[in-house]
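Feature annotations, courtesy of TrEMBL:
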{"type": "TRANSMEM", "residues": "B:9-29", "note": "transmembrane segment"}
{"type": "DOMAIN", "residues": "B:94-291", "note": "domain 'ABC transmembrane type-1'"}
{"type": "TRANSMEM", "residues": "B:100-121", "note": "transmembrane segment"}
{"type": "TRANSMEM", "residues": "B:133-160", "note": "transmembrane segment"}
{"type": "TRANSMEM", "residues": "B:180-204", "note": "transmembrane segment"}
{"type": "TRANSMEM", "residues": "B:225-252", "note": "transmembrane segment"}
{"type": "TRANSMEM", "residues": "B:272-298", "note": "transmembrane segment"}
Amino acid sequence: MTLRYLIAGALFASAAVTPVLAQDNTDITVVLSEELDLVDPCMATRSNIGRVIMQNVSETLTELDVRGDEGLMPRLAESWEDLGDGVWRFHLRPNVTFSDGSAFDAADVQHTFDRVFSEDVTCESARYFADTELSFEVVDDLTIDITSEPAQPILPLLMTLVTIVPSETPMEFVREPIGTGPYVLSEWQAGQHIQLDRRDDYWGEQPEVSSARYVFRSEAAVRAAMVETGEADIAPQITELEATNPATDFSYPNSETVYLRIDSADAPTDDIRVRQALNHAIDREAFIGTLLSEGTELAVTIVPPTTLGWNGGLEPPAYDPDLARQLLEKAAADGVDVNLPIEIIARTGNFPNVTEVAEALTQMLSEVGFNASLRMVEVAEHEQYYSKPYPESEGTRLILAQHDNSRGDPVFSMFFKYHSEGTQSGISDPHVDDLIERATAATGDERAALWSELFAYIHEEVVADVLLFHMVGHSRVSERLDFRPTIATNSQLQLSEIGFK
Amino acid sequence: MIGLIGQRAIASLASLVVLMVMVFFLSRLTGDPAALFLPIDATEEMKQQFRTLHGLDRPVLEQFVMYVWDVLRLDFGESLRRARPAIDVVLEAYAWTLPLALITMALVVVAAIVLGAIAAFNVGGIIDRGISVVSLIGASAPDFWIAIVAIVLFAINLGWLPTSGVGTPWHWIMPVAVLFIRPFGLIVQVVRGSMLSALAAPYVKTARAKGVKNRPIIFVHTLRNAMLPVITVIGDQAAALLNGAVIVETIFGFPGIGKLMIDSILQRDFNVVMAAILVTAVAIFIMNILIDIAYSILDPRIRQ
């Protein structure tokens, strides 16, 4: 009798749950790994916020094509031209309205930048204009001249990072973002979900997805399970361990590059032979398909291969422990104290298997004779070692870090990581500084050539760091959707790119 | 009774003030919130602007005086990460933690007392063996493992329950069940042990000799006497739940106070940490009062 009741109860339960799980045809649910603290458009370059807001709710003047090779594409600006002397003219798209019904015009662009640079609100996108003074001249409603001092040759590319808000937006973080995008944020239940609904009056083509609900689960196994059970349609980030179903699970280059930052001011890494020995001591291939996912690529630059000026002619340093030992012996013969401690600082949870990867790296360095040790730290402590001023150490520290650049141009990485004034730079080399400054100011082919020259110089002449891997991410996408993640999925997830089978 | 509560309230208030002062200064020793709020390549100028905007560039003592002044006016400050009042963020999360803790503890207490008492009466019987197994699971299997196995079994394979979230009553079943196991395993053993001692007492033999039936012996006479140590353990376990259940909240996407507190500590969102500690401390204080009242009801000697 009891068993019968139990079975009846279970059937009732499953019948009652089914409607909750069912998905309406063009409504989708996206399960993300972390909740959004803020939804302000000026914070959309932060990846967890960007995935919801960027190009869905708020749009930018220009957009980088990550699916094809069109490069920089128009979005809210139809076209732009370089007027010389650091002045760029942007021709704005007509007949565009914000979700509050107001028309989009040049004054909105100016207000957006006023807000980005305001002292009353800390907008993330301000960092892309750190050393540039911008001034604005509204030519007419749909034309705006932006002057940068010094001249900024990639100003149109930087426009991919600034989401446009209406002139009425206050100088504080907003909880109900108003944008020109195809969706409007209609509900935000903190801790539970965010709901975006499609607008009827969007200027562009109507996307197929009619609404998207974002939910947040920090456990990858749960995110994967939610797509499997039909509770969610897309889990942009799952672990390799969960990615077991070829019909739904895809890997994609996630634009993260893992490397060991060397401090060339410390002994013994101030000697180039020691830096070369570090590079030759590591068997990079051994990590792929074991501790790191299949598809992980060996890095020869700190930016992924899709970046302007990426130098395909560079080869990763060969794994040659004997050569590493010889280099150390030669350095020791010249009086370099190669027995000084080398501490690897790695961050817990930085990427899957980070502890094991760091342990293996430490072991490989020890095997060729380095006095290497490992310390795993939390994010806040890691930051203290990663950014200047670097704390004193008896020998030196190698910082295992992951750097993300899906923006298409090395300028977002090279100054910070290699310029002598860069906050995470481990080198001080006048030629590197000069190349970075010239490449930053150059345009077109010259720009690409200079970046390419810089990559080769840093890699072969300076041996600035131990570049390791371009990482891959894994995602699970419901079989009812027509969607493939790209290198941009880490920072944005455009609902308009999602179709139904 | 009122005097007892008053004494307790003053003692709790004093320890709360000491706790808040300690947390205020210790949290500021963990480092600069600007370094975590802003991206790693943010300029020093941006960091300075952030500190100025939130008053973090002032001397710590000045920050403390301002904080105390604000708290006296019931203003707990803004969350640095969320740009909204810290107390709102905390109360929103606590509105989920409180029912989760209350429902779980109510089920635990009822189940543990009934089953523990029956097990003590039939030592070695089916119920006694069953609760030993549950206690062993509760003590040895980690919460996250039980939670993941529950999801695989009940959500993926059987499809009876949703994997996670909070939308319907069905969403609560797995989190409550996972949270239930450990305190149940502990309390049921205390009930059983306490009952065994009570059942061996001379007054039970007298009752039996007078022909009193088993049920009144267990539930009327012995249980009341066996409850004092049980209540102590119940208080201890309930306090743990009122502090939030980080593992269960993380796995089931349950927006409670535990994960909020951990995240806020890691992100150096000081005002949220302070508000969360205050709210949980008040909840635990109220619970302790209830426990004291329960003691004095069960054992009139305490009232004197």
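Residue numbers in this text run from 1 along the chain shown.
Placed from the backbone N, Cα and C atoms, the Cβ positions cover glycine too.
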Within-chain partners of the transmembrane segment (B:100-121) [C-beta distance under 8 Å, separation at least 6 from its ends]: 127-128, 130-131, 172, 175-176, 179-180, 183-184, 187-193, 195-196, 199, 214, 218-219, 222-223, 226-227, 230, 234, 237-238, 241-242, 245, 254, 256
Stretch-level contact, the transmembrane segment (B:133-160) and the transmembrane segment (B:180-204), CB cutoff 8 A, at least 3 pairs: yes
Intrachain residues whose Cβ lies under 8 Å of the transmembrane segment (B:272-298), provided they are six or more past its termini: 1, 4-5, 8-9, 12, 16, 19-20, 23-24, 27, 67, 76-77, 79-82, 86-87, 89-91, 93-94, 98, 224, 227-228, 231-232, 234-235, 238-239, 242-244, 257, 260-261, 264-265
Interface present between the transmembrane segment (B:225-252) and the transmembrane segment (B:180-204) (three or more C-beta pairs under 8 A): yes
